[in-house]
Amino acid sequence: MTPTLYYLLCAVLSVAVLLGISMMSRVKTAVRGNLLSAVSLFAGIAVTLIYNGIASVWNIYLYMVVGVVIGSALAIRVKMIEMPQMVALLNGVGGLASALVGILTLLGVGHSTVDYPLFTNVTAILAVEVGVITLVGSLVAAGKLHKLLPQRPVIWRSHAAVLNFCLILLTLAVLHAAFAGEFLGLSADISLILLIGVAVSALFGYAFSIRVGGADMPITISLLNSLSGVAGAIAGMAISDILLVSVGGIVGASGLFLTQIMCRSMNRSLIDILTGKTSVSGKPATVSQPVVEKSQPVAKGVEAGRTSSGEILRSARSVIIVPGYGMALAQAQHLVRQLADKLESNGARVRYAIHPVAGRMPGHMNVLLAEADVPYEQLYEMDAINGDFKDSDAVIVIGANDVLNPAARDAVGTPIYGMPVLNVDEAKEIFICNFDLSPGYAGVENPLYTRKSGVHLMLGDAKESLTRLLDELEKTDSPVSSPVDQPDAASSEILRSARSVIIVPGYGMALAQAQHLVRQLADKLESNGARVRYAIHPVAGRMPGHMNVLLAEADVPYEQLYEMDAINGDFKDSDAVIVIGANDVLNPAARDAVGTPIYGMPVLNVDEAKEIFICNFDLSPGYAGVENPLYTRKSGVHLMLGDAKESLSEMLGWLK
């Protein structure tokens, strides 16, 4: 193969990779785009082998087969809920590969460095350093996501000093490599350079990632993805592989752009996130100026009013569903889709509100909802749907908390203050299907939990909470029961008569693996003529797009997923809002609870809904540690505490 043909093929393959990435931005072409990029990369491997004259080396194919077997095993065995960890590990593997290329280049194995020793040495040591940082940082991120490591930020007494010292040593290692390559040749103290580079890079990668809170892992993973691309591009420079430089640059740039977008969505600086300033590690922060006057919280069935949860959902004509990381943990996306289908069959328009950082990886909610066959047209980004919460008949939150915690708006001094959130609290009726009432990862209590009206807490396993919602949509009547134990007959009638329902999923839904029950509930609501939408807060869950991934797994139409800005204005007009395992992301205290971690953080306007069903495990504050005034709202709030799956199952029973 001539150099000219090789360069031409590299250019074509690079453009093909870019085209594939572009196609992945649209649900209808995402699968083809992913396939195009994968085929292009495979073709790039073949072109590289042929151009370098090593296509006949048989053991290369043996190693490739080993890689295929490992990758296939992971693809089959890794559950959707473990996808964030999988993404983090793949980023780490990319960093490891680049580091190995750098090490072999420095040792002079398989590549001649006589022509440009300075450039080769500098790029090789940089590939080692960036690659090892990516590897260790990704391992820490995966450990946090898998709960093998503390999910709260771990900050040492001299953390900044350690990082600065590491940077100095890494810089000296690069200078040493440049000096050795230019004047002393490759044999001069290469072992010392490698030892310093690997050890210090590993320490730096651990130190910078260990102090990032679990809720900020979506941004961290996005940054690590960018670093893996940067490491690959640098390694390509070291071995004069222009295709590796090109593809690595594409990955690095796209990851960096995504990181920047997510930081803007959270109104956070990357420095604050990497220094652990967006989470609290001690006592949950209490909202100092709650959105509504607080009263004694009720365990289940916040409201013993005249309208049941089922009636709200059955009569809802505009429903916004807000998925979060809880939906991913509960694997409830299929139930969410079923609930949405049921609401639509009742005549409701259902949308999904997707917060940019919901979940634990970029696009987590989108992936989950796509898995559940949720129409992409029903998924709305925060800016596009946030104004609709106030006009929605119901909002259904599933395993989301921080991404709709209203305390982000005014809880000055809290980690989520100033972060844009879904306006779930503006909805008249909010159904919250969260695992419990604990604060989100930011440690700020969600005032939605104590709102006196319009909030229906359905705590526990998200699947069971969604099943209860689906049952509620099926019922025509429901016996009056204790408000502490479960919503009364009026609650079921609300769901049955709802024509606009918004589901707000959160981390609790993920924990309960309740996404399939959420889908069932949505299907039941749609069959009753309701329009079901999902309000997705950007930081719901534990990785970017977490709620999307979970809802996709439950075949929830992507078109029903609405980002915070797109659906927040609809909460006030919804007939019912169902919150599943969400707290901080819809805590109205974020708007005015000055001094709390979520003050100023945009949240879902769930509190604006007339009827809110909250399926959370208990009334504890979210991760931010800020109490939610929704829990004590006097009317329109239906608390369904405990396992989300049980709460959803109960709601499904109402609708039968």
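Glycine residues also receive a Cβ, built from the backbone N, Cα and C atoms like all the rest.
Per TrEMBL, the feature domain 'NADP transhydrogenase beta-like' maps to 9-471 (among others).
The feature domain 'NADP transhydrogenase beta-like' is assigned by TrEMBL to 491-652 (among others).
The feature transmembrane segment is assigned by TrEMBL to 6-23 (among others).
Sequence annotations record features per position, and here TrEMBL assigns transmembrane segment to 35-54 (among others).
Per TrEMBL, transmembrane segment is recorded for 60-76 (among others).
Look at TrEMBL and you will find 88-110 (among others) tagged as transmembrane segment.
Residues or ranges marked as transmembrane segment in TrEMBL: 122-142 (among others).
TrEMBL lists 154-178 (among others) with the feature transmembrane segment.
The transmembrane segment annotation in TrEMBL covers 190-209 (among others). Within its own chain, the transmembrane segment (190-209) is flanked in space by residues 99, 103, 106-107, 125, 128-138, 140-141, 156, 159, 162-163, 166-167, 169-170, 172-173, 176-177, 180, 220, 224, 274, which lie at least six positions past its ends and keep a Cβ under 8 Å from the stretch.
Within its own chain, the transmembrane segment (230-258) is flanked in space by residues 7, 10, 13-14, 17-18, 21, 41, 44, 47-48, 94-95, 97-99, 101-102, 105, 111, 119-120, 123-124, 126-127, 130-131, 134, 222-224, 362, 544, which lie at least six positions past its ends and keep a Cβ under 8 Å from the stretch. The transmembrane segment annotation in TrEMBL covers 230-258 (among others).
Pairs of Cβ atoms less than 8 Å apart link the transmembrane segment (122-142) most often to 88-110, out of 35-54, 60-76, 88-110. With a threshold of 8 Å between CB atoms, the same-chain residues lying at least 6 positions outside the transmembrane segment (60-76) that come near it are 45, 49, 54, 86. Same-chain residues lying 6 or more positions outside the transmembrane segment (88-110) and placing a CB less than 8 Å from one of its CB atoms are 120-121, 123-128, 130-139, 141-142, 145, 177, 186, 190, 193-194, 198, 217, 221, 224-225, 227-229, 231-232, 234-235, 238-239, 248, 251, 361. Averaged over the domain 'NADP transhydrogenase beta-like' (491-652), the predicted model reaches a pLDDT of 87.
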